[in-house]
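Sequence annotations record features per position, and here Swiss-Prot assigns active site to E557 based on sequence analysis. For H556, H560, H563, the entry in Swiss-Prot reads Zn(2+) binding site. The transit peptide annotation in Swiss-Prot covers 1-42.
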Amino acid sequence: MFANSARNALKKRPQNLQPFRFQGCLFSKRANRPLTTKVQHLIYASVDDKALVTLFDQPRSTLRSPFATTGLFGHPSLTHPRALISLADATVVRAQLLTDRILRARESRTELLRVVKNLDRLSDMLCGVIDLAELVRNAHPDRSWVDAANRAYETLCEFMNVLNTHVGLYEVLKAVLSDPSIVKTLGPEAHQTALIFWRDFEKSAIDLPAEQRKKFVSLSSDILVLGRQFLEGANAPRPPASIKPSQLSGLKDKGMGVRLQLQAQFTQRDLQVYPGSLQAQMIMRSAPEEEPRRQVYLAANSSTPQQIEVLEKLLRTRAELARLVGRDSFAHMTLDDKMAKTPDNVWNFLDALMDHTKPFARRALHTLSERKQLHHGTSSLPIIQAWDRDFYCPPDPPAPPIPLPPLTLGTVFMGLSRLFQHMYGISLRPADSASGEVWHTDVQKLEVVDQDQGIIGWIYADLFARRGKASGAAHYTVRCSRRTDDDDESSDGTVEGAELLIYESQEFEAVKRHRLPNQDGIYQLPLVVLLCEFARPTPSKGPTVLEWHEVLTLFHEMGHAMHSMIGRTEYQNVAGTRCATDFVEFPSILMEHFLNSPTVLSLFDVDGTSTVRHIGNHHNDPCHFIDTYSQILLAAVDQVYHSPAVLDPTFDSTAELAKVHNTRGLIPYVPGTSFQTQFGHLYGYGATYYSYLLDRAIASRVWRNVFLDDPLDRETGEKFKCEVLRFGGGKDPWKMVSALLDVPELSTGDAEAMREIGRWKINSEIGVHGRH
């Protein structure tokens with residue numbers, strides 16, 4: 001509950017999104033399909049839309065007002081690193097006052113009625129600084145700011161850890177939820193917020209005797225330490241494969257192949273090829289002989305006994321923690337508040353998805369087997385081994401469905417703004433930033449503008465690669481939405497001698513508050529940061545031209561951003577992307593599907609006057625189904641690893657991995673391999689790795705059934721906005737999906753609902769792994 005920032009950073013994961021809650025070489029068919037759409041109803045690019053092109057494509061510094069001076073994100077106090085540490089201290093003082101107020105709530109019915117509101121305020125008070133510090137830790141180029149952010153983060157997390165197991169807070173919330181007369185006064189958002197706090201308290205062993213709570217804290221600390229060790233091992237280099245030069249004859253890649261041969265002749269030794277290197281990738285895709293590919297595969301999937309021991313100890317400790325709080329397994333404990341609800345329901349989904357995907361994957365493997373037979377000249381179809389996949393079906397980079405001119409970063413942002421105007425009546429507008437407001441000259445500030453309500457939030461775009469910046473793509477929620485005019489903060493009290501600190505914290509929060517037209521109350525508006533690592537535009541090379549996978553990434557991250565902007569709830573604990581782990585990726589994956597529409601792609605045309613009339617170069621890649629099936633198997637392994645089985649003294653993670661592959665897989669397990677020690681999601685997504693598959697299935701169905709025929713239809717966009725995005729995490733995701741698809745049977749979210757989603761086709765045209 002009070003154990004980390006919100007869904008702070010929705011990050012690109014190599015295979016590690018850490019969710020926070022306040023706590024082709026096949027016989028591939030290129031279908032020449034006519035994609036003819038007369039574009040007559042497009043909204044032309046506005047002055048603001050065209051300004052986005054200039055903003056991102058011109059190699060100049062951030063737009064700044066020459067007169068204004070402020071601190072980070074417009075907070076006047078945050079002009080130097082020490083101020084961040086001071087703000088953390090001030091926040092602790094105010095948070096303690098609010099905690100004391102909540103603890104006294106049973107003295108007054110009026111205060112009991114305010115408990116849920118005050119718990120949410122307490123959460124926001126702490127997360128508002130923690131989330132900002134988390135961004136600074138990952139993006140600020142100045143080491144002194146990073147150090148200050150680390151100190152602030154640690155100070156507030158330490159305080160949060162106290163709140164997590166605070167029996168008094170739990171007892172007050174219990175009194176509220178046990179009183180029907182109070183519960184019936186709670187609106188849907190308030191009730192959902194209360195339940196989130198309640199569940200998180202329960203997961204923290206709050207109702208156990210003191211000795212068991214102490215044990216819970218100890219096990220939780222052990223899990224953090226083991227998790228760090230596991231991730232270090234997962235990212236550690238694997239030992240090289242020793243390849244004989246004679247085994248590399250006939251390499252398809254002549255350039256690197258010749259270099260390797262010359263290297264071997266010069267050294268008079270076998271080649272040492274490190275997994276993950278360009279040489280290793282070249283061998284896996286280009287070596288006609290099987291043996292070097294096999295050797296590289298074995299090396300790439302090797303583990304030390306210590307790495308396996310760390311993982312198994314992590315899994316056992318999680319299971320012990322779950323047993324301590326009365327749950328059968330870590331999966332049972334984790335899935336309570338997810339769409340899936342139970343491990344059985346996850347298996348219902350995975351089994352159905354396997355059954356649906358297996359025929360397509362078998363067909364693809366049969367084609368690979370035919371190619372292998374032709375290659376080796378055998379009389380019978382050979383078995384496809386794990387090291388054959390990339391040789392007989394080398395991965396193709398993602399490509400647009402129709403030929404497109406080079407897409408610059410500014411052009412893509414213009415297209416996004418025009419898309420949001422069609423769908424939601426919302427646009428993006430460049431904004432000046434004051435001196436001191438941003439952490440690097442690369443950072444550009446965008447206003448998110450609703451046609452009826454004006455500015456509804458801000459996006460700070462930090463999109464170019466630089467030294468010291470976090471790698472990958474990420475969406476950081478620095479500030480969540482929350483209603484503030486009914487805070488009644490004057491009743492929080494004060495502390496003699498701490499008036500200046502209290503004022504400092506209050507001023508920090510006051511900057512966030514705004515009154516919107518046509519909406520009751522005053523709200524703090526959402527503020528998000530997009531981090532990417534695109535190439536920087538230069539005067540000599542011109543603007544940044546994005547690869548197609550980078551366009552997909554940007555659409556994905558902007559899906560998260562619009563969820564944050566539109567999900568402006570009264571309670572920050574359910575705002576925007578603060579929703580169930582197995583639902584949060586749905587809006588962002590859906591955004592990728594829009595790139596399959598020629599009509600949407602026409603929005604990249606600045607004049608908006610062209611007729612979309614192209615022959616599509618749509619590429620049906622059969623190997624997609626092999627990859628999807630492999631991901632399903634990993635989700636199955638994740639469930640096994642977080643089941644009661646891990647407490648069996650004979651539990652062996654490698655044996656269980658082999659069992660899943662040999663009983664449910666299509667490609668045989670390779671003895672001597674232990675990929676599980678590199679499966680980083682086992683820590684960040686323990687027991688919930690199925691989530692991305694679930695959201696891909698939902699997004700594919702919503703695209704086909706809701707948006708495909710007319711993706712720019714405003715009525716359809718409004719339906720998605722009103723049935724899904726605006727609720728954030730304040731409504732049952734099953735009810736949202738049910739209403740959006742007009743399928744009432746899904747609303748129960750039961751075992752059959754999970755099976756039904758498992759039977760839906762996952763679109764093969766999008767969903768590049770690793771984008772979150």
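Here the Cβ of each residue, glycine as well, is placed from N, Cα and C on the backbone.
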Have a look around H563 (Zn(2+) binding site) and count the other CB atoms within 10 A of its CB, chains all included. 30
H563 (Zn(2+) binding site) and E557 (active site), distance between Cα atoms, whole Å: 10
Count of other CB atoms lying within 10 Å of the CB belonging to H556 (Zn(2+) binding site): 27
If you count the other CB atoms within 10 A of the CB of H560 (Zn(2+) binding site), including all protein chains displayed, you should get 26
Packing count at the residue listed as 'active site' (other Cβ atoms within 10 Å of its Cβ): 27
